[in-house]
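What follows is a short report on a single structure.
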Amino acid sequence: MELTGVTSQSIFDDNAADIKLSWVAGLEGADRAFDVEFAREATSAADLVGHLNLIHPNRIQVLGKPEILYYQRLDDEPRKRQMGELILLEPPFLVVADGMEPPPDLELRCTRSSTPLFTTPVSSAAVIDHLRLYLSRISAPRVTMHGVFLDILGMGVLIMGESGLGKSELGLELISRGHGLVADDAVDFVRLGPDFIEGRCPPLLQNLLEVRGLGLLDIKTIFGETAVRRKMKLKLVVQLVRRNDGEFERLPLDSQYLDVLGLPIHMVKIQVAAGRNLAVLVEAAVRNTILRLRGIDTLRDFMDRQRAAMQADVVSRGQGRLL
């Protein structure tokens, strides 16, 4: 996993309010990060944070009530040895959860070794779940793509195409028909799971849509709160093409896909020409994609009916010759 620039300070700043973290020791270790080799070999965020475990000392160690009670029951020598092993391998930081007070000798060791020590009243399980989700998000593969990203009938749709084909005008038409804007011009996509790509708008462009001749439009102000979305799952790409595009296929026999962050996304191509109602065509494409995701393929059904009709015709002709 790629965790460049992720330090104990950045993790604390991003999560302190959500899980009520307090920094009680090891302030000098603010720039401490994951071991590079350990982070590279990690296959998921579950490898990076968990309950106290000396077998995996390089990860974020969370100590809940059971761990603290176990630590307190140990004799001096075993306790010193175990904590010495843990501190020696420099974990990014330790978290004492469940509202427990960190043992004084643990706090002293963290101070001397510049190992960040956090406390929180939140349960250890909730802390681990929250940090795993956070680390998954910041380390996930991401890309910025050009286009207009919309919520159409509950489906995340990215409209792409050459400059000047009317992507923003089409987006404005769809918004006026009750659909929602996620982002215009630049869309940030992040792959959060094996089949899950989420798209968001960069903060600088939030709620804005640029239309030639009109300039920048604040969609939230013009159309209201329900006309914008904070994020959507990417499910469909609509590619606008010029009418003279030689690669355009009128009846594609196979589904078309666009590779986004290693995940194949359904794609449809729509020719741009005078008199065509592109908004209606996009809505129809979305409805058809919804049917395909449910296992209903209109073109395949038609081909099956046509094949059955041709076979029946051949059989009837053969019987006619026999008569």
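Residue numbering: from 1, along the chain as shown.
Cβ from N, Cα, C; glycine included.
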Which listed span Swiss-Prot calls region 'Important for the catalytic mechanism of dephosphorylation', if the choices are 25-30, 253-258, 271-276: 271-276
Other CB atoms, at most 10 A from the CB of Gly164 (ATP binding site): 9
Asp185 (active site, proton acceptor) and Gly161 (ATP binding site), Cα-Cα, nearest whole angstrom: 11
Cβ neighbour count (within 10 Å, all chains shown) around Ser168 (ATP binding site): 19
Local Cβ density at Glu162 (ATP binding site) - other Cβ atoms counted within 10 Å: 12
Of His146, Lys167 (the recorded positions), the residue whose Cβ has the fewest other Cβ atoms within 10 Å: His146
